[in-house]
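J.: For reference, TrEMBL lists these features for the protein:
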{"type": "TRANSMEM", "residues": "68-95", "note": "transmembrane segment"}
{"type": "TRANSMEM", "residues": "115-134", "note": "transmembrane segment"}
{"type": "TRANSMEM", "residues": "155-178", "note": "transmembrane segment"}
{"type": "TRANSMEM", "residues": "184-205", "note": "transmembrane segment"}
{"type": "TRANSMEM", "residues": "273-290", "note": "transmembrane segment"}
{"type": "TRANSMEM", "residues": "310-328", "note": "transmembrane segment"}
{"type": "TRANSMEM", "residues": "340-359", "note": "transmembrane segment"}
{"type": "TRANSMEM", "residues": "413-439", "note": "transmembrane segment"}
Amino acid sequence: MRLAVGQFHAVKPGSGAFPPCGTWMLEGELYFIFKSHLHLPACHRTPIMRPNSQALKHKLSHDTEREFGGTLGAVCIPLFLPLTVLFLICVSRSPEASVLQWPPPFPATEQLWDPLAPVLLLGWLGLHALLYLTPLGKVSEGLVLRNGTRLKYPINGFHALCISGAMLMLLLGLGAPLGHLFELLLPLALCAVAVSFLLSAYLYVRSFWAPPHALAPGGNTGNPLYDFFIGRELNPRVGNFDLKYFCELRPGLIGWVVVNLGMLMKEVELRGSPSLAMILVNSFQLLYVADALWNEEAVLTTMDIVHDGFGFMLVFGDLAWVPFTYSLQAAFLVVHPQALSSLGAAAIVALNGIGYYIFRKSNSQKNQFRRDPTHPSVARLETIATATGKRLLVSGWWGLVRHPNYLGDLLMALAWSLPCGFSNLLPYFYVIYFTVLLIHREARDERQCRAKYGLAWETYCRRVPYRIFPYIY
């Protein structure tokens, strides 16, 4: 999703119910001043106490807090969300493009399968696995795990984006029919769903050989359906290759950009040149993805990496939901071209720019406060002390609303949909879905922070009464 860097319980808006790459949420979206060993050189850190393995195993095995509707959600979500992806793609290319039409536009059998689709998908995954292993960029450490160790992660996602872009430009120069991706959308989405199930099954089976400290806090309930969905193992690795971190920001996120470019080239085939609306959608979403990958290190402190297991929820979100639902605006414009005036385009560009400014400045302020609370840009920010020893940031962007980066994210999401006009609801699926998702996340976060910070949280809420939208909510 756009990134906030923190040390405790961060959540990515691509996690959970599959938010985008660029939105990251810290616990309370607040910044804390840390007084721990994490800021000291390794030789000066206090040794970390390792938890008693039997106690930890007992705790994990009896973690009964279940999210997303528990077992019922774990059964329904893997069934209905893949169907939702296929349904939305079909609707986007139908003449009416109505999500309410009945019967829905069922595709012909031959439209669901193309032997080229699995070749392209597996080749794409293989390419990015190779780029992941390429010694480009720096290597960063994640947060301290329960057994006192830290994992190392390559920070080269932006390099992968640039190399992928150069390869695409080369293919276009050689005359590759990138617009054919439009016809391949359904077969590719179906293959991505199949890969998601296969990878999730592999992850579930291999988790039974993982040591107790390697299991996710909420993914070891003993219920096979729920654990398969939520993920049992926290950081599954094959050697040094981290499967969760690889999927988080690489093939699906960059694949989203590629799908958008394919839709643009299809429009060129049909009409001779890309429309202004298509150019805006491609540009806005490329900026969003580039921002996420430029700030890739921030994902190491998100709840996806720190807390959530790697199961179907994240696998499907990363590999299928993001590339094939976040590209709906571009797919819609191929079949339903929209005329956009210069004034209208300027207003939409301004809206996206305002959203990005709020999103990036609020996250940057928080990041700077974490790195150096004495820095001149943040030294005068006001904080509230808590009984835990942390301090809640309550001024600057974070004194405006409790989640200013959510506000920026939602403004950008609206700007992505507006080039598609107002005649259809489908292009607004993302902004509607994302609004519901962030309100749900905010409520979830509110409960956690109220339980953790008690009276300090009550004081904070009185100081900053608005959650996302100033003077509204």
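Placed from the backbone N, Cα and C atoms, the Cβ positions cover glycine too.
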J.: So, taking each listed stretch (155-178, 273-290, 310-328, 413-439) in turn and counting its Cβ pairs to the transmembrane segment (184-205) that are under 8 angstroms, which one gives the highest count?
T.: 310-328
J.: Under an 8 Å Cβ to Cβ limit, what residues of the same chain, 6 or more beyond the ends of the transmembrane segment (413-439), are close to it?
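T.: Long-range Cβ neighbours of the transmembrane segment (413-439): 13, 16-17, 19-20, 23, 88, 91-92, 97-100, 276-278, 280-281, 284-285, 325-326, 328-329, 332-333, 336, 338, 340, 345, 348-349, 351-352, 355, 403, 406, 468, 473.
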J.: Of the stretches 68-95, 115-134, 273-290, which racks up the most C-beta pairs under 8 Å with the transmembrane segment (310-328)?
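T.: Against the transmembrane segment (310-328), the leading stretch is 68-95.
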J.: Report, as numbers and ranges, every residue of the chain located at least six residues beyond the transmembrane segment (155-178) whose Cβ falls under 8 Å of a Cβ in that stretch; write 'none' if there are none.
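T.: Sequence-remote neighbours of the transmembrane segment (155-178) are 127-128, 131-132, 134, 136-140, 249-250, 254, 257-258, 261-262, 265, 289-290, 293-294, 296-297.
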J.: Other than its close neighbours in sequence, what residues sit by the transmembrane segment (340-359), given a CB gap under 8 Å and a spacing of at least six beyond its ends?
T.: 2, 22, 275-277, 280, 284, 287, 291, 397, 404-405, 407-416, 418-419
